[in-house]
Structures are given as C-alpha cells and as structure tokens.
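**Student:** Sharing a structure here in structure tokens format.
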Amino acid sequence: MKTLLLTLVVMTIVCLDLGYTLTCYMNPSGTMVCKEHETMCYRLIVWTFQYHVLYLKGCSSSCPGGNNCACCSTDLCNN
C-alpha cells in the first residue's frame, strides 16, 4: 500500500508543471521560453542611421529602461 501511494505521489509531481515559465517574442521572429530568473519580456526600439526602425525583443531579468524600451510580465506581451 505504501509503495502504491509513493508511486502516485511521484507520478503526480512528474506530471505537474511545478514552475511557471514566461514566454516572450524574440528576434527576428518566433517565441522563446525564458529562463527561470528572467521574469520580464522587453521590446526595445532602435533607430538605425538610415532612419529604419529595428525592434529588439526577448526575455530579461529586469527592465532595461529608457524611453525606447517597454517591459511587461505576461506571456507574449512584447509584440
């Protein structure tokens, strides 16, 4: 009986997602699953010398800040 109970507990732990992982958009396209310590998605707008706009997207452990950067903390929020 103890073996059966232990087996059920182990299977429950294995099948459950015990940690939440954030998903963000990344460059050039697609998505990425952030590392455990990366709790924010960011989108940074960079103006090139030819006045083209470049969007840098990804995961971060903190918001880089600045007027050209937007940060958020929910899945796929940095579109």
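From the backbone N, Cα and C atoms, a Cβ is placed for every residue, glycine too.
Not my notes, these are from Swiss-Prot:
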type	residues	note
DISULFID	Cys24-Cys41	disulfide bond
DISULFID	Cys34-Cys59	disulfide bond
DISULFID	Cys63-Cys71	disulfide bond
DISULFID	Cys72-Cys77	disulfide bond
SIGNAL	1-23	signal peptide
**Student:** Under a criterion of Cβ-Cβ distance under 8 Å and sequence separation of at least 6, what residues of the same chain contact Cys63 (disulfide bond)?
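**Tutor:** Result: Met40, Tyr42, Cys69, Cys71.
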**Student:** Return one of helix, strand or coil for Cys34 (disulfide bond), based on DSSP.
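**Tutor:** DSSP assigns Cys34 (disulfide bond) to coil.
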**Student:** Secondary structure at Cys41 (disulfide bond) (DSSP, helix/strand/coil)?
**Tutor:** strand
**Student:** If you draw a 10 Å sphere around the Cβ of Cys41 (disulfide bond), how many other Cβ atoms fall inside it, taking every protein chain shown into account?
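**Tutor:** A count of 28.
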**Student:** Using a Cβ-Cβ cut-off under 8 angstroms and a sequence gap of six or more, which residues of the chain neighbour Cys59 (disulfide bond)?
**Tutor:** Leu22, Cys24, Met26, Met32, Cys34, Lys35, Glu38, Met40, Cys41, Tyr42
**Student:** Neighbour count first, Cβ atoms within 10 Å, every protein chain included; then name which of Cys24, Cys34, Cys72 tops the list of disulfide-bonded residues.
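**Tutor:** The largest 10 Å Cβ neighbour count belongs to Cys24.
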**Student:** List, in sequence order, the same-chain residues at least six positions removed whose CB sits under 8 Å from that of Cys77 (disulfide bond)?
**Tutor:** Cys24, Cys41
**Student:** According to DSSP, which of helix, strand or coil covers Cys63 (disulfide bond)?
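**Tutor:** For Cys63 (disulfide bond) - judged by DSSP and reduced to three states - the answer is coil.
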